[in-house]
C-alpha cells in the first residue's frame with residue numbers, strides 16, 4: 001500500500017515537472033518574504049546591538065572546526081565523483097546542485113521563518129553538508145536514465161519512487177528524531193546545530209520528493225538527442241537498476257529495528273517536551289525581578305548605523321578568518337579539478353570505451369555526387385591495398401568522419417573506411433559526370449551503348465530509368481556492374497517511399513560482398529542485419545575441444561550454454577554418434593482411382609520397383625544416393641518420401657532435383673500418374689511433424705555425458721535429485737500433457753537457432769531440427785552423479801551451399817573446423833557439425849534445467865533478457881555460474 005502511494009506521487013511529480021518546480025520555488029520565496037510583513041527591520045551589528053555571551057575561542061576549537069569543514073567539502077566532492085561513475089556527469093551534476101541549493105535555501109528559509117537565531121550557521125554549515133546524502137538521488141536518477149525512450153522516463157521515475165520512497169522516508173524520520181535529541185540538551189550551541197540538522201534532513205527529504213524528480217524528468221525530456229536508436233543519456237537497462245536495488249535492499253530486521261527505535265525516540269521527545277519541562281519550570285526558584293533583569297540585559301538595543309546597509313553586508317562578506325580562507329581555497333580547488341580536469345579525463349575514457357562509429361554520418365553523403373569507375377579498377381585498388389594501409393584507413397574512419405564529395409569525379413569506393421589512395425593509372429581512367437540529370441532518351445542511349453553502360457550514369461539518372469521501367473528494380477546489382485552501388489540506389493528509392501525517410505540510416509550496407517548473395521541468398525537487397533555473435537566453450541566432444549559460435553539477441557542464452565559446456569568439460573566431456581543420415585523429399589502424385597494409387601504403392605514397395613527408381617534417382621547426382629522409400633495412400637493421392645544422403649550439403653535443392661527425375665521415370669511405368677507437387681508436406685520441411693520425430697530427417701544424432709555430483713553442486717548450483725525430478729515432470733509429463741511432438745526438452749530450439757544463424761543454415765529449419773528428447777538419470781556408486789543424454793533425430797544441416805558461402809558464416813564454420821566439403825569422406829563435416837549442435841543443445845539443457853531446479857531462471861533473465869530495460873556488470877545468475 002505504501003509503495004503504491006509513493007508510486008502515484010512519483011508519477012504525478014514526473015508528469016508535471018514545470019508545475020512542481022515552479023510551485024517549489026514559489027513556496028520557498030513566499031516563506032522567505034513572509035516575515036517582511038511583520039515590519040521587523042532588526043539587523044544585529046548594523047542598527048541593533050545584540051548582546052551575546054562572549055567566550056574566548058580556543059585554538060583547538062578553531063582547528064576542529066576547520067577540519068570539520070574540510071571533511072564536509074571532501075565528502076561533497078566524493079559524492080559528486082560517485083555521480084560521475086554513472087556516465088552522465090552533467091545531468092546528474094546539475095540535478096545534484098539543484099538539490100543542494102534548494103535544500104540549503106529551504107533550510108535557511110524555514111529557520112528564518114521560525115525566527116530562530118542564525119548565529120550558529122557558521123558552525124552548523126559543515127554538519128549540514130555532511131548530512132547531504134546523494135545516494136538516494138543518484139539511485140532515483142539511475143531509474144530515469146535507464147529508460148529506452150522519453151515516454152519511459154516518467155514510468156521509471158514512478159517505479160524508483162515506489163522502491164526508494166518508503167526507505168528514504170523511514171531514514172529521514174529516524175535521523176530527525178536522533179538529531180532532535182540534541183535540541184533538548186540545554187547547551188545553546190548544540191541545540192542550534194541540531195536544529196539546523198533537523199531542518200537539513202527535512203529539506204533534503206522535501207527536495208527529493210518534489211524538486212529533484214521533477215528536475216530529472218524535465219532535463220531528460222528536453223534532451224532529445226539520440227545515438228544508435230536510444231537516448232544519448234541512457235546509462236544501462238532498467239533490469240540492471242532493479243537488480244542493483246534488489247541487492248542493496250535494506251535488511252527487514254534493520255527496518256523493524258529502525259521503526260522500534262523511532263517509536264522510542266518519539267516517546268523520549270514527548271516526555272521531555274510535554275512532561276518534564278513544566279515540572280522543571282515549577283522547580284526553579286528564580287524571582288520575577290531577576291528574570292526581568294536578565295531578559296532586559298539580553299534584549300537587543302537599537303543603535304544608529306555607522307555605515308550603509310550594503311557596505312555592512314559587503315564588509316561581512318570580505319572579512320574572513322584564516323579557517324574560512326582554508327575552507328574556501330579547498331572548495332575552489334576541488335571545484336576547478338572536478339569541472340575542468342576530470343571532465344577531460346572522463347570524456348577521454350568514455351571515448352575510448354565507447355567509440356561512436358556511425359555509418360549514418362558516412363551515408364549522409366549525397367548519392368548523386370557519388371562517382372564510379374570500372375569494376376576492374378575497383379578490384380585493382382582493393383587487391384593492391386596492403387593490410388597495414390587497410391588498418392590505417394579503418395582507424396582514421398573511427399577518428400574523423402568522411403568529407404562530403406563536392407566533385408562529380410567518378411571515384412566509387414566500397415566500404416565505410418576512408419577513401420583508399422588510388423594509383424595514377426586509376427585516376428587517369430576517371431571520367432566526368434554531369435551535375436544535372438540528362439534527358440531520359442539520352443540516358444537510355446547511354447545505357448544500351450555496349451561501350452558505356454550504367455556506370456556512365458549518375459544515380460539520379462539510374463533512378464529515373466528504373467521509374468520508367470527501362471531498368472528492372474531487381475536487376476540493379478547486375479545492371480550497375482557493382483552490386484553495392486545497386487544496393488545503394490535501391491535504398492535511396494525505397495527511402496522516398498517510407499513513412500520515415502531516415503528509417504534505413506541505421507541499417508548498414510557497406511563492406512559486404514554482395515556477389516555471394518546474388519542468385520543464392522537474397523533478392524532486392526537493401527543491406528545486411530548485424531546480429532551479435534557470442535561463443536560458448538570450450539565444449540569437449542569426443543575428446544576434442546570446440547568453441548561454439550552462437551548468433552542471438554536473447555540475453556543469458558550464450559552465458560547459460562557456456563556454463564553447461566563448463567560442467568560437461570569438468571565431467572570428462574561428451575560423447576556423440578550419428579545414428580542416421582538422410583534428407584527427405586515427399587512429393588504428392590495423383591492416380592485416376594484409389595486402387596491405382598494402391599497398385600503404384602505396392603510396386604514401389606517391391607524390390608523391383610525400388611531398383612528402377614533408385615537407378616533413376618542415383619544417376620542425376622554424384623552425391624545423392626537413394627536409401628529408402630516410404631509411401632502412403634490417401635484416397636487416390638500417393639505420397640512418396642524419398643530419403644537420401646546428400647554429402648556435406650543440407651541437400652534440399654539436391655534431393656528436389658533428383659526427385660523430379662525419379663518421378664519422370666515413375667510416370668514412364670504408370671502413364672496415368674499425375675505429379676501434383678514435388679513437395680507434398682510428407683517430407684516434412686519447416687513444419688512440426690511426427691514423421692520426422694519417428695523416422696528422422698537429415699542427421700539423427702545422440703550424445704551423452706556424466707556430470708559428477710561435485711560439479712552439479714558447485715557449477716550448476718543444484719542437485720542430481722532435483723534435476724532428475726524437474727526433467728521428468730517438465731520435459732516428459734509436461735510435454736506429454738501439452739501434446740508435444742518432439743518437444744521433450746527445455747529449450748533445444750534456442751541453441752539450434754543461434755548456431756544455425758551463426759553458421760549460415762536455414763533458420764526456419766529449426767522447427768524440425770529442434771526435435772529433441774532430454775533424459776536425465778542418477779548414476780554413480782552413490783547415485784549422486786548425473787547422467788544426461790540428448791537424442792535429436794532430425795537435424796537438417798550442411799556445410800556447403802546457401803548461407804555457408806558468405807564470409808562471416810564461413811568464419812564461424814572455420815571456428816569449428818567444418819567449413820566447406822570434407823576432403824576425406826563426403827558428409828563428414830556436416831555430420832560433425834550435427835554432433836556439435838546436439839552436444840551444445842545438451843549443454844544448454846543442462847544449464848537451464850539447473851537454473852529451473854535452483855529457482856534462478858527469473859533472476860537471470862531479469863538481468864540479461866529484458867528488452868525494455870536491452871544490464872551490465874551485475875552478478876546475474878547465468879554469468880555467475882559460467883565464470
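Heads up, the Cβ atoms here are built off N, Cα and C, so glycines get one too.
In Swiss-Prot this protein carries:
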- 554: active site, charge relay system (ACT_SITE)
- 686: active site, charge relay system (ACT_SITE)
- 762: active site, charge relay system (ACT_SITE)
- 282: N-linked glycosylation site (CARBOHYD)
- 1-9: topological domain 'Cytoplasmic' (TOPO_DOM)
- 40-56: topological domain 'Lumenal' (TOPO_DOM)
- 79-89: topological domain 'Cytoplasmic' (TOPO_DOM)
- 115-123: topological domain 'Lumenal' (TOPO_DOM)
- 150-159: topological domain 'Cytoplasmic' (TOPO_DOM)
- 188-191: topological domain 'Lumenal' (TOPO_DOM)
- 221-249: topological domain 'Cytoplasmic' (TOPO_DOM)
- 277-316: topological domain 'Lumenal' (TOPO_DOM)
- 342-883: topological domain 'Cytoplasmic' (TOPO_DOM)
- 10-39: transmembrane segment (TRANSMEM)
- 57-78: transmembrane segment (TRANSMEM)
- 90-114: transmembrane segment (TRANSMEM)
- 124-149: transmembrane segment (TRANSMEM)
- 160-187: transmembrane segment (TRANSMEM)
- 192-220: transmembrane segment (TRANSMEM)
- 250-276: transmembrane segment (TRANSMEM)
- 317-341: transmembrane segment (TRANSMEM)
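The two recorded residues, residue 686 (active site, charge relay system) and residue 554 (active site, charge relay system), have Cα atoms 22 Å apart. Taking H, G and I as helix, E and B as strand and the rest as coil, DSSP gives the topological domain 'Cytoplasmic' (150-159) the counts 9 helix, 0 strand, 1 coil. Looking at residue 554 (active site, charge relay system) and residue 762 (active site, charge relay system), their Cα atoms lie 19 Å from each other. Only residues 6 or more beyond the boundaries of the topological domain 'Cytoplasmic' (1-9), in the same chain, are considered here, and those with a CB under 8 A from a CB of the stretch are 158-159, 161-163, 165-166, 209. Confidence for the topological domain 'Cytoplasmic' (1-9), expressed as mean pLDDT, is 82. Close to residue 762 (active site, charge relay system) in the fold, though at least 6 residues off in sequence, lie 650, 652, 686, 756, 796, 802, 803, each with a CB less than 8 Å from its CB. Taken residue by residue with DSSP, residue 762 (active site, charge relay system) is part of neither helix nor strand, so it is coil. With a 10 A radius on its CB, residue 554 (active site, charge relay system) counts 17 other CB atoms from all the protein chains.
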